[in-house]
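As given in TrEMBL:
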TRANSMEM  12-35  transmembrane segment
DOMAIN    21-223  domain 'Cytochrome b561'
TRANSMEM  55-78  transmembrane segment
TRANSMEM  85-109  transmembrane segment
TRANSMEM  129-148  transmembrane segment
TRANSMEM  160-182  transmembrane segment
TRANSMEM  202-222  transmembrane segment
Amino acid sequence: MAPSERESMGSPFVFILSVGAIQIFGILAMVLTGIWMGKYLGGFAWDGTAYEFNYHPLCMVISMVFLYSEAMIVYRVFRHENKFFIKLVHFGLQLVAFVIAVLGLKAVFDFHNHNGIPNLYSLHSWCGLSTIILFSCQLLFGFVSFLFPKLPDSLRAAYLKVHVFFGMFIFMMVIGTALIGINEKLFFQLSTKYSTLPAAGQLGNVLGITLIILAGTVMFVVTNSAFKRVDTDEERVSLMNDK
């Protein structure tokens with residue numbers, strides 16, 4: 001890639017456009033999920049029925065897709081702000097995501113147990129549980145390493161690369177698991193054949209494409225070195241990152 005092309009890919013316009021696209025597609029994913037669960041699958045109720053299950057996809061899209069993607073890009077969006085502030089926002093978004101994801105898990109387990117359906121038998125459930133476990137470990141290790149009590153400087157610098165890798169890896173697991181779940185739900189719940197592409201089927205397909213576009217845009221932003229936050233001289237000297 002020529003220097004001019006690299007510069008254009010890292011231009012402020014491209015950055016603003018990309019971050020804006022993440023917001024649009026993230027919100028669209030939540031809206032589409034809400035419409036699917038609310039209009040085509042009957043709505044929501046915390047009563048052990050299929051209406052309680054409907055909280056599961058919505059909670060997961062809000063937490064593991066939207067909030068997680070927001071947490072991933074805060075170091076790019078706020079790259080000129082105090083780093084300790086960014087750490088708190090990054091951790092806070094993921095903590096809220098974790099709480100909402102737990103509610104989403106409770107909804108699906110309640111539904112299965114109430115209706116005598118086995119738990120954790122499908123590929124979606126295996127991928128989903130693995131993703132949540134990894135996300136929980138990432139959240140815990142990140143807090144201990146970078147916020148409190150914090151690892152020694154050398155270990156923290158070494159672990160940062162691992163943390164960044166698993167952050168992206170887990171997010172891709174989230175998207176893959178969501179796509180499997182969408183397809184599974186369409187095959188289970190459509191009142192007519194999927195091949196006839198009813199309205200609910202079209203909505204599910206659009207939701208899947210939305211998640212793919214969102215994931216691609218998030219990965220573009222977090223892997224583009226032109227958008228990376230540059231530590232200040234004080235941060236490089238002290239490595240405290242909490243002033």
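Here the Cβ of each residue, glycine as well, is placed from N, Cα and C on the backbone.
If you look at the transmembrane segment (12-35), the same-chain residues 6 or more away from its ends with a CB under 8 A from one of its CBs are 57-58, 61-62, 65-66, 69-70, 73, 76-77, 203, 206-207, 210-211, 213-214, 217-218, 220-221, 226-227. Across the domain 'Cytochrome b561' (21-223), the prediction's mean pLDDT works out to 97. Remote same-chain partners of the transmembrane segment (160-182), defined as residues 6 or more beyond its termini with a Cβ less than 8 Å from a stretch Cβ, comprise 57, 60-61, 64-65, 68-69, 72, 123-124, 127-128, 130-131, 134-135, 138, 141-142, 145-146, 204, 207-208, 211-212, 214-215, 218-219, 222-223.
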